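Following: one structure in C-alpha cells, then a few remarks.
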Amino acid sequence: MALGSPVKVVLGSIAFGIFWIMAVFPSVPCLPIGRTAGSLLGAMLMVIFMVLTPEEAYHAIDLPILGLLFGTMVVSVYLERADMFMYLGKLLSWKSKGAKDLLCRICLISAVSSALFTNDTACVVLTEFVLKVARQHNLRHTLSSRLATSSNIGSAATPIGNPQNLVIAVLSKITFGQFLVGVLPATLLGVSVNAVLLLCMYWKPLSIKKQEEDPIVGAAAEEAVNSHRFSPATLSHISSLNSQDWSSKLENLNVQSSPNLTANAGGSSSGAEQSLRTRLSSSENEINRAVTEALTPKNKEVAIEVTSIHHKKDDSIHSVHSLHSIHHKKEDSVHSIQSVHHKKEDSVQSIHSVHHKKEDSVQSIHSVHSNRVASVDGLSDNEASLKSVEGNKGKRVILSPKWRRLLWKTCVYLVTVGMLVALLLGLDMSWTAITAALALVVLDFQDAQHCLEKVSYSLLIFFCGMFITVEGFNKTGIPGTLWDLIEPFAQINRVSGITVLALVIIALSNLASNVPTVLLLGGRVAASAARISPEEERKAWLMLAYVSTVGGNLSLLGSAANLIVCEQAGRAQLGYNLSFWNHIKFGLPSTIIVTAVGLTVIR
C-alpha cells in the first residue's frame, strides 16, 4: 500500500502516537487521563485531522468483537457468583505436598482458568489468593507472581482466552474447534516448559524446608487463606486505605480517648458508684504498696500511712453502702409504680375479655350462617379439611435457600457448558456468548443491574477508540509500507521466515500492545500466507494468536495480565511488589523458549 499525502501521514502519525503513549503509559504526567480516554482521543483526532471520515470511523468499529467481549464478561461475572473461581482457588491449597507441587498447581490452574474465562479475569480474581497461599508456604513473592506468565500462555488455547484471540477468531472466520485443535498442543507444551523453567530458576528456594514459625503467625496465615473472599473481576485504582478502615480506626481512637461517655449515659447514680469503685481500687493499690514497704526500716511512718489509707477505705465503703441504700429506695418506688401499672393492665384485660366474649357470640352466629350456606352449596367439612391439607403440602414443596442456590449454581454451570459446546459446534461466537449471558440473567430471576455493573465497559469503549485509531493509521500507508519491506523475509513456509515474523510480532506486542499488533499485522500476514496455500493462511492466523499472546510475557508492558498481577499484588498489602526488571529476568528466557517450542507444533 502506497503512502498517503504528507499531511495525512504526519497528522495520522501524531494521532496514533498519542494513542500509543496513552495505551502504554496511561498515567503520563502531562496527560493523566488513562487508556480508555486516550483511545477515544486518538480516534477523535483521526476524524478531526480528516484522516478518516465520520462514516469510515463508525464502520471501523467491529461489533461482533464487542458482542463477544460483552457476552464472555457477563458469563464470567455469573461464574464468579457461582463460586467457580473459589473452587479453582481451593485446588491450589488442597492436600498440597510442598512448594514444587504448589508451583505446578499455580501453572495448571491459572492456564485452565484463563483459557475458559480470559486471562485478565483469572488474574484479577486469583492473584491475591495465590499470594496468601505462597505466604503460607513461606515462598518468595516473585514465584507467586509468575501467575501472569502461565495465564498468558494458557489463554492462547481458545478464542475466548484473551482479547487478541477474539479479534483473530472474528477476522479469520476460524471456528472455535479449529482454533482449539490448532493451538492447544502448543499451549500444553508451553505451559509445561514454563513450569520447568520456573522449577529450574527457583529450585534452590523451593528446596528449602519451611522453617519453624510462630504458631500464631502460622494460624493467621492459614486463616487468611481459608477465609479469603474472591473479589469481583473489576479493577480499582484506589490504593489507599478504604473508608471503612478509616472509620473503624477513628472509632477506636474516640473510644480510647473518652471512656467516660458510657458511664455518663447510664445515669448519675451509676456514674457516682463507678467513680467510688475506682477510688476504692486505687486505695487498695496504695495499701498493697504500703504493706510492701513495711518490710523496710521505716515501719512507723508506713504504719501511719497504712492507718490513714484504711480510714480512707472505710469512708469509701460507707459511701458505697449509703449509695446502695438510696438505690434500693429508688427501686422500691419503681416497684410500687409497677404494681399500680399492673392493676391498670388487669382492668384493661377484663374489659378486653368482655369484648372478646361479645365477638365470640357474633362469630357463633356467623358460623351458623356459614354452615347453612355450606350445606346449600354442597360443600362438606371433610372437603374443606382436605383442601387445607393439600395447601399445607403445597407450601412444603418450596425449597430452602441452600437448595435454591445449589440449583441456581448447577444451572449456571450447565449454561456455561452449553455455550462451550455451541462454540465447538461452530455456531456464531458473538451471538452464542450473548445468548448464554442473557440466559444467565433470566435464570437469576432478579434485577441484573448489580451483575451488569461489573462488566468492564471501559474496555469496550477502549476497543471502539482503538479500532478507529488503528484504521486511521492504516490509511496513512505507513504499516503497509513497512510490511512490504519485511514480507520477503517473513514467509511462513521457511524456518527463517517464521523466526523473523515471530520476532516482529514479539517486538510490536511489547511496544504497541498485542491487540493493536494483531489489528495492524493480521490482514497482511494472512494475505501473504494465502498466496502460498489456504492451509498456510489458517496457520498464519494461529501463529499470530500464539506468538502475540506468549510475547506478552517478555515485559510488564507486554500484557494487561502482567499489569493486573502487579497492581493486585501491591493492593493486597502483603509486602509483595513486582518490578519491571524483576519480571523481565524471567520473562525474556521464558518468552523465547516457549515461543520457539510452541511454533513447532502449530498446525
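Just so you know, glycine gets a Cβ as well, placed from its N, Cα and C.
A TrEMBL annotation is a machine prediction, not a hand-curated record.
Taken from TrEMBL, the feature domain 'Citrate transporter-like' covers 19-551.
The feature region 'Disordered' is assigned by TrEMBL to 257-285 (among others).
The feature region 'Disordered' is assigned by TrEMBL to 335-364 (among others).
For 6-25 (among others), the entry in TrEMBL reads transmembrane segment.
Same-chain residues lying 6 or more positions outside the transmembrane segment (37-54) and placing a CB less than 8 Å from one of its CB atoms are 8, 11-12, 14-16, 18-19, 21-23, 26, 31, 60, 461-469, 471-472, 475-476. The transmembrane segment annotation in TrEMBL covers 37-54 (among others).
For 60-81 (among others), the entry in TrEMBL reads transmembrane segment. Long-range contacts of the transmembrane segment (60-81) within the same chain, counting only residues at least 6 positions beyond its ends with a Cβ under 8 Å from a Cβ of the stretch, are 52, 117-118, 121, 125, 160, 163, 166-167, 169-170, 230, 232-233, 412, 415-416, 419, 428-437, 440-441, 444, 451-452, 454-456, 459-460, 463-464, 467-468, 470-472.
Among the features that TrEMBL reports, transmembrane segment is placed at 179-203 (among others).
Summarising the annotation, TrEMBL assigns transmembrane segment to 406-423 (among others).
The transmembrane segment annotation in TrEMBL covers 498-521 (among others).
Residues or ranges marked as transmembrane segment by TrEMBL: 541-564 (among others).
Non-local neighbours of the transmembrane segment (584-602) in the same chain are 142, 146, 149, 153, 182-183, 185-187, 189-190, 193-194, 197-198, 201, 498, 502, 506, 539, 542-543, 546-547, 550-551, 553-556, 558; each lies 6+ residues outside the stretch with a CB under 8 Å from one of its CB atoms. The annotation transmembrane segment is assigned in TrEMBL to 584-602 (among others).
Nonlocal intrachain contacts for the transmembrane segment (406-423), taken as residues 6+ away from its ends with a CB within less than 8 angstroms of a stretch CB, comprise 75, 78-79, 81-84, 116, 159-160, 176-177, 399, 429, 432-433, 435-436, 439-440, 443-444. Looking at the domain 'Citrate transporter-like' (19-551) alone, the prediction's average pLDDT is 74. By the count of Cβ pairs under 8 Å, the stretch nearest in packing to the transmembrane segment (541-564) among 6-25, 179-203, 498-521 is 498-521. Outside the transmembrane segment (498-521), and at least 6 residues removed from its termini, the chain residues within Cβ reach (under 8 Å) are 20, 23-24, 162-164, 167-168, 463, 466-467, 470, 473-474, 479, 483, 486, 489-490, 492, 543-545, 547-549, 551-552, 554-555, 557-560, 591, 595, 599.
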